[in-house]
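Contents: one structure, followed by commentary.
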Amino acid sequence: MLYKSGEKRKGLLMSGCLYRIYGVGFSLGFFIALQIICGVCLAWLFFSCFICSNWYFVLFLWDFDLGFVIRSVHICFTSLLYLLLYIHIFKSITLIILFDTHILVWFIGFILFVFIIIIAFIGYVLPCTMMSYWGLTVFSNIIATVPILGIWLCYWIWGSEFINDFTLLKLHVLHVLLPFILLIILILHLFCLHYFMSSDAFCDRFAFYCERLSFCMWFYLRDMFLAFSILLCMMYVIFINWYFVFHEESWVIVDTLKTSDKILPEWFFLYLFGFLKAIPDKFMGLFLMVILLFSLFLFILNCILWFVYCRSSLLWLTYSLILFYSIWMSGFLALYVVLAYPIWMELQYWVLLLFLLIVCRLD
């Protein structure tokens, strides 16, 4: 059925030619649900013991049916979730630049992104290996540099004057509780998306008559096809090469009397870890890391406000896309490349300074 572009629409009506990349959001929700299910199975048998928490995962592989599958899914899907999440964010940024997207949908999505970062970091710490122990020690000491509340937050996280069993127990409770709060925020994100409608290609902007279809089973099947195709590709990683996402140092048993040679974060934390590593001052590194996260939201807010006044300006659309993909994205990827290869570590200060100047200029 055809509707005029300014006509009031009844129910949830979508464009008949949505791109495949729109299905990434559905895949994210699908894999988040699988992560929560596998996480609940792991949480039932978790030992909040400072010494035995790493051996628990080995025991889970040996003594429980399909234990290796549950553990591999929970580990490998974390990297997959972040890969899909970054694709979803960059797709949303492109659509916000090109089309009018409501700010509330983006704001709730930004809160989801922050929650996922917190949940993933707590999950990284819970096995309590040499790497995660010293990673938590360094990060909590950085939090202690925050004025007024820093010392109190550090002691609250530790539960004592040092990291012990109570720390793992507290982090385990947070790691179980926060995903359910994440589900509530995710439902709000979907509600706002359905209420304000999605930015669907060129129909809302350039076409006077655009074909609108009811959100029927066809859209579900197409999204499910993408999700199950990704799941099929992940079967190889889960059953054969699941240690591909692991560092060798992640298997080293924790020893509080020995300092780890290096701290290697997961690849999806690499750009955040770069700020803490490149800035000598702890508080300034933490401050710039927070500014980086909020600069993404401020950049989109800037684009939306400009869009209100430059709605019909093709020059502004071209300028925004070139600005984002050639400068913002190049700085983001440069941080990854420089921090991933130690041979280029001497360049990290210059790349970090250039990226911060660009972000401040865009905002």
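Every residue gets a Cβ built from N, Cα and C, even glycine.
Under the heading heme b b562 binding site, Swiss-Prot lists HIS74, HIS175. Residues or ranges marked as heme b b566 binding site by Swiss-Prot: HIS88, HIS189. Among the features that Swiss-Prot reports, ubiquinone binding site is placed at HIS194, with the record citing similarity to another entry. As annotated by Swiss-Prot, transmembrane segment applies to 24-44, 68-90, 105-125, 171-191, 219-239, 287-307, 321-341, 342-362.
Known features from Swiss-Prot, placed on the structure.
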residue : record                   : DSSP (3 states)
HIS74   : heme b b562 binding site : helix
HIS88   : heme b b566 binding site : helix
HIS175  : heme b b562 binding site : helix
HIS189  : heme b b566 binding site : helix
HIS194  : ubiquinone binding site  : helix
### Beyond the flanks of the transmembrane segment (171-191) by at least 6 residues, Cβ under 8 Å
29, 32, 35-36, 39-40, 43, 46, 48, 105, 108-109, 111-112, 115-116, 118-119, 122-123, 125-126, 157
### Query
10 Å Cβ neighbour count around HIS88 (heme b b566 binding site)?
18
## Note on the structure
Same-chain residues at least 6 beyond the ends of the transmembrane segment (105-125) with CB under 8 Å of its CB atoms are 78, 81-82, 85, 89, 92, 96, 132-133, 135-136, 139, 171, 174-175, 178-179, 181-182, 185-186, 188-189, 192-193, 196, 265-266, 268-269, 272, 293, 296-297, 300, 304
### Message
Test of understanding: give the count of other CB atoms lying within 10 angstroms of the CB of HIS189 (heme b b566 binding site).
### Response
20
### Query
Hey, which of the binding-site residues HIS74, HIS175, HIS194 is the loneliest by Cβ count within 10 Å?
HIS194
## Note on the structure
Here the binding-site residues are HIS74, HIS175, HIS194, and the Cα closest to that of HIS88 (heme b b566 binding site) is found at HIS194
### Task
Calculate the distance in Å between the alpha carbons (Cα) of HIS74 (heme b b562 binding site) and HIS189 (heme b b566 binding site), and round it to a whole number.
24
### Message
Using Cβ atoms and a strict cutoff of less than 8 Å, what residues sit near the transmembrane segment (24-44) while being 6 or more residues removed from its termini?
### Response
60, 70-71, 73-74, 77-78, 80-81, 84-85, 87-88, 91, 172, 175-176, 179-180, 182-183, 186, 190, 223-224, 226-227, 230
